[in-house]
Amino acid sequence: MTEVLWPAVPNGTDAAFLAGPGSSWGNSTVASTAAVSSSFKCALTKTGFQFYYLPAVYILVFIIGFLGNSVAIWMFVFHMKPWSGISVYMFNLALADFLYVLTLPALIFYYFNKTDWIFGDAMCKLQRFIFHVNLYGSILFLTCISAHRYSGVVYPLKSLGRLKKKNAICISVLVWLIVVVAISPILFYSGTGVRKNKTITCYDTTSDEYLRSYFIYSMCTTVAMFCVPLVLILGCYGLIVRALIYKDLDNSPLRRKSIYLVIIVLTVFAVSYIPFHVMKTMNLRARLDFQTPAMCAFNDRVYATYQVTRGLASLNSCVDPILYFLAGDTFRRRLSRATRKASRRSEANLQSKSEDMTLNILPEFKQNGDTSL
């Protein structure tokens, strides 16, 4: 949550006072407008839900995301070999989600501690960096998964070479490099700040000092790493749906998995990514250009809505495991097989322990002369 240190000008300050002594009324009105636009900063009015909503969402995301992505990584590493191309992308997506959920306990404590950051400036920067790496890494890997499925559905024969695991590994490495390089400025812009009450805030965007340049950077990343992938995904899904309609794929596994993929990915974008990017941009714009007394109430609403979308943006770490289960190559079948095998192994271990206990107890009974066994 961005803790903006904005000093407020009292509402009772009149135009003549702002213009300064000795000015005519007309000049004082113009001067007062200039003074307000240049020095006035709205003081945010924060409601109680903002301090409880985000930690509640983060707790939910941590529990579900940790369990879901742990199982997914376990499956990909031990039960999904040899990997297909789409399995490579899904493994990297699960890895990005898992790294993000590991950072959530510190953020949960931050909000329960009345947004007083105690972990230092470096940890604050790392926290915000990993969030953005997960955000844009997830978007790019979902784009890769969508393009991969598009090639398999629309050009099943021509794409055989392009769908190989080796190509998917190279593309995944490239995605990680692009994301890390593109998000590295976050390590400069984010950080901690001291409030008037001496508590420490951890900026999720940046301080007012760097706000103008951060807005430009944010718009560039939004266009390059959100808007462009979204257009590509929509194009792939449009062509996939068209191919499914005109090709004879009734009740085939490829048709079913493709439909699940379209539904899940579009849901993630509609619920998590689109609202977050829209409200983040509006919040930054409000901090920069909407600082007048008449706009303060509007800014409060924008800020509150932005906090809601921040929670929604983290939900993708819970939804992605559903994608592996429904749209992955043989993931559901192999998960069922792995759980049955683990269950049988557990039953065998329990039976073995029971037999060992019986063998250990039997001599004692015989030694005591008890033959009731």
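Including glycine, each Cβ sits where the backbone N, Cα and C put it.
Here Swiss-Prot flags Lys46, Tyr203, Asp204, Thr205, Asn283, Leu284, Arg285, Ala286, Arg287, Tyr303, Ala304, Thr305, Tyr306, Arg310 as ADP binding site, drawing on a large-scale study or a structure entry. According to its DSSP assignment, Lys46 (ADP binding site) is coil.
Per Swiss-Prot, disulfide bond is recorded for Cys42-Cys296 (among others), and the stated evidence type is experimental evidence.
Around the Cβ of Cys124 (disulfide bond), the number of neighbouring Cβ atoms within 10 Å comes to 22. Here Swiss-Prot flags Cys124-Cys202 (among others) as disulfide bond.
What Swiss-Prot records for Asn11 (among others) is N-linked glycosylation site, and it gives sequence analysis as the kind of evidence.
Annotated N-linked glycosylation site per Swiss-Prot: Asn27 (among others), in sequence order, evidence recorded as sequence analysis.
In the three-state DSSP assignment, the secondary structure recorded for Asn113 (N-linked glycosylation site) is coil. In this chain, no residue six or more apart from Asn113 (N-linked glycosylation site) has a CB-CB distance below 8 Å. Annotated N-linked glycosylation site per Swiss-Prot: Asn113 (among others), in sequence order, evidence recorded as sequence analysis.
Contacts of Asn197 (N-linked glycosylation site) defined by a Cβ separation under 8 A and a same-chain sequence distance of 6+ are given as none. The secondary structure of Asn197 (N-linked glycosylation site), as reduced to three states from DSSP, is coil rather than helix or strand. The annotation N-linked glycosylation site is assigned in Swiss-Prot to Asn197 (among others).
Taken from Swiss-Prot, the feature topological domain 'Extracellular' applies to 1-51 (among others), supported by experimental evidence.
For the topological domain 'Cytoplasmic' (75-87), the list of distant contacts is 94, 145, 148-149, 163-165, 167-168, 324, 328-331, 334-335, 337-338: same-chain residues at least six beyond its ends, Cβ to Cβ under 8 Å. Marked as topological domain 'Cytoplasmic' by Swiss-Prot on the basis of experimental evidence: 75-87 (among others).
According to Swiss-Prot, the topological domain 'Extracellular' annotation covers 110-125 (among others). Within its own chain, the topological domain 'Extracellular' (110-125) is flanked in space by residues 1, 3, 51-52, 54-55, 58, 186-187, 190-192, 199-203, which lie at least six positions past its ends and keep a Cβ under 8 Å from the stretch.
The feature topological domain 'Cytoplasmic' is assigned by Swiss-Prot to 148-166 (among others), with experimental evidence given as support.
According to DSSP, the secondary structure content of the topological domain 'Extracellular' (189-214) in residues is 8 helix, 8 strand, 10 coil. For 189-214 (among others), the entry in Swiss-Prot reads topological domain 'Extracellular'.
Residues annotated as topological domain 'Cytoplasmic' in Swiss-Prot: 238-260 (among others). Computed over the topological domain 'Cytoplasmic' (238-260), the whole-number mean pLDDT of the model equals 79.
Annotation comment: Swiss-Prot describes 285-303 (among others) as topological domain 'Extracellular', evidence class experimental evidence.
Per Swiss-Prot, topological domain 'Cytoplasmic' is recorded for 326-373 (among others), and the stated evidence type is experimental evidence.
Here Swiss-Prot flags 52-74 (among others) as transmembrane segment, drawing on experimental evidence.
Within the chain carrying the transmembrane segment (304-325), a Cβ under 8 angstroms from the stretch's Cβ atoms is held by residues 1, 46-47, 49-50, 53-54, 57-58, 60-61, 64-65, 68-69, 71-72, 75, 90, 93-94, 97, 100-101, 104, 131, 134-135, 138, 145, 204, 260-261, 264-265, 267-268, 271-273, 275-276, 278-280, 282-283, 331-332, 335, all 6 or more beyond its ends.
A contact links the transmembrane segment (261-284) to the transmembrane segment (126-147), because at least 3 Cβ pairs that are 6 or more residues apart lie under 8 A. For the binding-site residues Lys46, Arg285, Arg287, the largest tally of other C-beta atoms within 10 A is found at Arg287. For the pair Lys46 (ADP binding site) and Cys296 (disulfide bond), the Cα-Cα distance reads 12 Å. For Cys296 (disulfide bond), the nearest of the recorded positions by C-alpha distance turns out to be Arg287; the candidates were Cys124, Cys202, Asp204, Arg287, Ala304.
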